[in-house]
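Pasting a structure here, questions to come.
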Amino acid sequence: MNLVDSFADIARFVALRRDIHMHPELGFEEHRTSNLVAERLREWGVEVHTGIAGTGVVGVLRNGSGRRTVGLRADLDALPLQEENRFAHRSRHDGRMHACGHDGHTTMLLAAAWHLAQARDFDGTVHFIFQPAEEMGKAGALKMVQEGLFERFPCEAVFALHNFAVPTGSFALNPGPLMASSNTWRVTLHGRGTHASQPHTGIDPVAAVLDLGQQLQALVARTIPSTERALLAVTQVQGSGAPNVIPDEAWVGGTVRTFSTEATDRIEAGIRRLAEGIAAAHGCRAEVSFRRASPPVVNHEREARFAAEVMREIVGAQRVDDRFPAVMAAEDFAHMLNVRPGCYAFIGNGDGGHRLPEHGPGPCIIHNTSFDFNDEIIPIGASYFVRLAQKWLAQP
């Protein structure tokens with residue numbers, strides 16, 4: 001029997017995915033979700049460890065005498081968004097929604113655990129890693145690593161999937177950079193407040209912030225070689241006070257995305273240099289913060305090629321793009337890839353044609369309030385994880 005066909009009766013996993021969707025939980029608050037994961041794993045005879053990075057769960061499944069190990073990871077958390085879908089499994093919690101498909105990622109990995117626990121058709125140890133707090137820069141992956149994830153649960157390599165807007169059930173990956181680093185920055189300019197009718201008696205930080213925002217738009221082009229990809233976006237500008245008041249301070253902030261530490265270093269230095277220079281020109285004082293939330297996702301070549309071979313077994317070569325262009329979105333799985341070899345890949349969620357009639361008015365793209373995971377790909381993603389584990393552990 002084809003491995004995907006072994007999941008033909010997926011009703012139980014569709015129901016599970018929709019249950020998780022109805023009860024979204026934010027990062028480090030995934031108590032119900034992690035309890036559900038732990039309960040299912042225990043039912044299937046998987047050894048369960050909880051409380052890792054707060055709400056993280058690791059399932060351990062051993063079989064035979066093989067000494068090889070592999071880690072398979074899924075994320076648990078939702079986003080602080082108000083869902084606009086109106087179908088029966090919409091979110092039951094105002095202001096929280098599974099708008100990135102982590103409900104589906106969790107379900108695919110649970111389905112893989114179920115199959116491996118029942119079939120026992122592998123030789124070695126599989127670690128099922130259910131990670132909290134991937135969203136909102138909370139870096140749940142880093143916290144798991146810092147708490148000794150790979151010391152407690154040794155993994156020769158670690159693999160993960162994320163749904164993406166490519167054809168349904170297809171796969172996309174790249175041996176090398178796949179996703180950018182995520183960095184946030186903020187510059188506060190301190191002036192001297194006064195009445196707006198007497199600007200000469202104060203120091204206007206708003207004018208300085210607007211000047212800085214304009215200058216920052218050209219920073220990447222003047223700092224990073226044209227052969228490299230990098231992005232600086234100004235996304236926030238704020239002052240304070242009444243319309244007739246020049247405030248004491250104003251600030252501007254945004255994000256920086258790059259594919260190398262060196263590029264991030266150069267852009268951060270440029271932000272600081274421009275902030276200090278423009279502040280001085282306006283008579284203000286600059287205060288700069290720059291936070292590096294996650295490094296770029298850079299797949300290890302051997303593991304990426306191994307993953308692509310498995311994908312071709314599952315869906316055929318024509319449905320695997322193994323040279324997918326890197327995207328500017330970010331993912332904290334990068335922290336795991338920094339300490340263990342592995343591969344992060346995309347599985348196609350389609351264009352939204354799978355959604356029920358009561359879906360919201362927006363497009364079916366991640367981080368949109370009308371998004372919903374495509375249940376059709378649960379058996380495909382689960383089969384990938386199963387075959388990946390089997391094949392990895394069978395290596396000499």
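Using N, Cα and C of the backbone, Cβ positions are placed for all residues, glycine too.
From TrEMBL, here are the annotated features:
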BINDING   Cys100, His102, Glu135, His162, His367  Mn(2+) binding site
DOMAIN    183-277  domain 'Peptidase M20 dimerisation'
Would you report the average pLDDT that the model assigns to the domain 'Peptidase M20 dimerisation' (183-277)?
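Here the mean pLDDT over the domain 'Peptidase M20 dimerisation' (183-277) amounts to 96.
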Would you identify the secondary structure of His367 (Mn(2+) binding site) according to DSSP, in three states?
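In three-state terms, His367 (Mn(2+) binding site) counts as coil.
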How many other Cβ atoms are found within 10 Å of the Cβ atom of His367 (Mn(2+) binding site), counting all protein chains shown?
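Step by step: centre on the Cβ of His367 (Mn(2+) binding site), count other Cβ atoms within 10 Å, giving 13.
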Translate the DSSP assignment of Glu135 (Mn(2+) binding site) into the three-state scheme.
coil
So among the binding-site residues Cys100, His102, Glu135, who's got the most Cβ atoms within 10 Å?
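Of the binding-site residues Cys100, His102, Glu135, the most buried by Cβ count within 10 Å is His102.
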Look up His162 (Mn(2+) binding site) in the DSSP assignment and report helix, strand or coil.
strand
Whose Cβ lies within 8 Å of the mean position of the Cβ atoms of Cys100, His102, Glu135, His162, His367, the Mn(2+) site, other than those residues?
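Along the chain, the qualifying residues are Asp75, Asp77, Leu79, His98, Ala99, Gly101, Glu134, Ile366.
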